[in-house]
Amino acid sequence: MATQRKIIHIDMDCFYAAIEMRENPALIGKPVAVGGSVEGRGVLTTCNYEARKFGLHSAMPTAQALKRCPNLILVPVNMPLYKAVSEQIHQIFRRYTDIVELLSLDEAYLDVTDCRQCSGSATWIAQEIRDAIWNELHLTASAGIAPLKFLAKIASDQNKPNGQFVISPENMTAFIYDLPLKKIPRVGKVTNEKLAQLGLHTCGDIQHSDKAFIYKTFGKFGQRLWEFSHAIDNRKIEANRPRKSLAVENTLPTDIWHLAEAEQIVDELFKKLVFRLQRNWGERSLQEFKKLAIKLKFGDFTQTTLERTTDGLSRERFIELLQQVWQRTNRRSVRLIGLSVHYPTEKVKKQLNLWE
C-alpha cells in the first residue's frame, strides 16, 4: 500500500496589512488597507480584519472602500519589505522540508511525508511552523493539514485567522462526503448555481451521480470535480516551481452573444490582471510582458485559446486578440472569458534562482 501523504497548506493572515501593523503598532485595532490612495483612485491590495468588518476586501475600488469605511487608514504598498519577510518565512519552511511549492509571497504547500521532526506528525510540524513565524516575525499564519493537496487548501481556511485544521486519513472520507461543492477550488458562484440547479450541493451528491453525466455537463472540469469528490488528487507538491504565467477569468452569470459585451468584460479582467501582477511581483514595466493569450468558453462548454507575442501588455492588445478570437464563436454564446500573460524568460530564471 502506498504511503499516505502528509501535506500542509500555509496561508498568512492578511499578510501585507499584518506587516504594516507590525512596523507601526499604532495601526493595531484600526481599519487598515494596503494600496489605493486618499483621492479614491486605484484598488485595495489587501486589508486587515477590522476593515473586513465593513465589507472591504482585496481588489475593491478605493472610493467604494472609503464610502463604507470613512475612517479607513490607507498605507502605500512596500513590496521590497513584503518580499524580504516572505523569504524569511520560506526559510522557516525549509527547516522541515525542501519540498515547498510557493504559490505567492504569502501562501505555500509543504510535503512533510518524510519529515522525521515532531515524530513525523504533520499536525505538530504545522504548529511549530506557525509558532516560529509568530515568535521570530510577529506574524500569524493559518494552516491546513491533509493527505490531499486540495483538502489541505480547504482546511487552511477552516480556522482562519491564526488557527489550523486537520483532515486525517481516517476522517477524510466523511469530510469529503459532506463537503459543499462551493468549497472545491474553481467552483465559483456561477458553477455552484448550475450545480445546485441539478440538485448537486455536496461531494456526496457527486458520488451518487452518473460519471458520464458529470463529464459531459462540465467538460474537463467535470473530471476534476468527480475525482475530488472521490478523494482522488494525485497532484504533487512542485518544489522550486517558478510561475511561468498568470491568468484571470470570469464565468459569466448569463451567456453573452455580442463582441461589445465581451470588450467590457475584457476591460475589467485587464484591471484584475495588472492588479495581480503588481501584487505578486511588484513594479515591473508592462512592456516586458509580450506573450499574451485570451480564452473563450462557449455555451456548449467547448473552448478556444488564441496566443500572440506582442510589443507589450496593454488593454488594446487584449482587445485586438478578442476581436480575432471572436471570429471563432460561429454564432455560439460565450460563458467564460479569460486573459493570461507569460512571464519573460529572464523573470522565470530569476525566480528559480531565488528558490534554489
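The backbone N, Cα and C atoms fix where each Cβ goes, glycine too.
In the three-state DSSP reading, Glu107 (active site) counts as strand. Look at Swiss-Prot and you will find Glu107 tagged as active site.
Per Swiss-Prot, the feature Mg(2+) binding site maps to Asp11, Asp106; the stated evidence is sequence analysis. DSSP assigns Asp11 (Mg(2+) binding site) to a strand in the three-state reduction. Using a 10 Å radius centred on the Cβ of Asp11 (Mg(2+) binding site) and all shown protein chains, the other Cβ atoms total 19.
Per Swiss-Prot, the feature domain 'UmuC' maps to 7-188; the stated evidence is sequence analysis. Restricting the average to the domain 'UmuC' (7-188) gives a pLDDT of 93.
DSSP gives Tyr16 (site 'Substrate discrimination') a helix state. As annotated by Swiss-Prot, site 'Substrate discrimination' applies to Tyr16, with the evidence given as sequence analysis.
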Among Tyr16, Asp106, Glu107 [recorded positions], residue with fewest other Cβ within 10 Å: Glu107
